[in-house]
Each structure stands twice: as structure tokens, then as C-alpha cells.
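Engineer: From TrEMBL, here are the annotated features:
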SIGNAL    1-25  signal peptide
REGION    23-50  region 'Disordered'
COMPBIAS  23-37  compositional bias 'Low complexity'
DOMAIN    52-169  domain 'OmpA-like'
């Protein structure tokens, strides 16, 4: 019995001595110094700089308006400030600003209102240093709702101007 216990302890000791922790040290033959392998660099996370996804993450792509208004709120100006800064970092990128309206009002009125909303966003970006030649505008009126519904929550989402990157993208 005692011999079995000693044999078992010897086997366990031998197995333990042969195992490694996964961070093995390599010995160079010439210098005899030990080096440890560097960990791999972290995988890039997030969108590629200069991409549509990067623009949306960094600056946001839309601003919202009050009912029957085309003037920019403080929050809209803040978003457009971020867009202007982003566009300043990527001077080859061109954009189209799409104006939208909710379903209330006539088709003609909503088309004109959405054109004023797109123009307000365009003019603000130009005032912040974005070249006018980099910006186009489109007016969709109520024809492309972001939210479906006849209630204030849906209408608020539909009263917007969306900045769409159209050219000069790196990816």
C-alpha cells in the first residue's frame, strides 16, 4: 500500500513538472536571456474612421424640428456642430441633407416645409465652415416617414433633416 502511494505521488509530481502555464519563456541560444511573447494587439473596435457608421456614431446623422417649424433648436445646432467638425476632418466627403415632415398638412405645404428644414441644416453647416459645394439638399415632405403612426411620438420622429454621406468615403 505504501509503495502504491509513493508511486502515485511520483507520477503526479512528474506530470506537474511537465505542465506549463501557457506563458512559456523562450530562451535564445546566443544570449541565454529569457523573453516572453508579447500579447497580440487588441482587435480594432468600432466603425472605420471616415465611414458612414463612424459619422453616425461620432456626429449623429439627423436633427429634429418642432411642429410647423424649420428653425434649429439648441440640440439640433449641437448635432450640426459635431457634423461640421467631422466633415472638417474628412474634406473629400460630400453630403445630401434630406428634409422631411410629418403627415399633417397638405403635400405641397409639407414639401416646402421639408425643403426649408434641409436648407436650415445646410446653411448652418456652411456657416460653420463646410464648403457649400459639398452639400446638396432634397425635400421629401411626408413621403418617407421614419416612424409610422398618427400620434405625437411618430410625428416628432418624422419632423427631421437627415445628413447622408454621398461621396468621398474611404470605405
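Backbone N, Cα and C atoms are what each Cβ position is placed from, and that goes for glycine too.
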Engineer: Between 0 and 100, where does the mean pLDDT of the domain 'OmpA-like' (52-169) sit?
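Structural biologist: Average per-residue pLDDT within the domain 'OmpA-like' (52-169): 98.
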Engineer: When DSSP states are grouped into helix, strand and coil, how many residues of the domain 'OmpA-like' (52-169) land in each?
Structural biologist: 54 helix, 22 strand, 42 coil
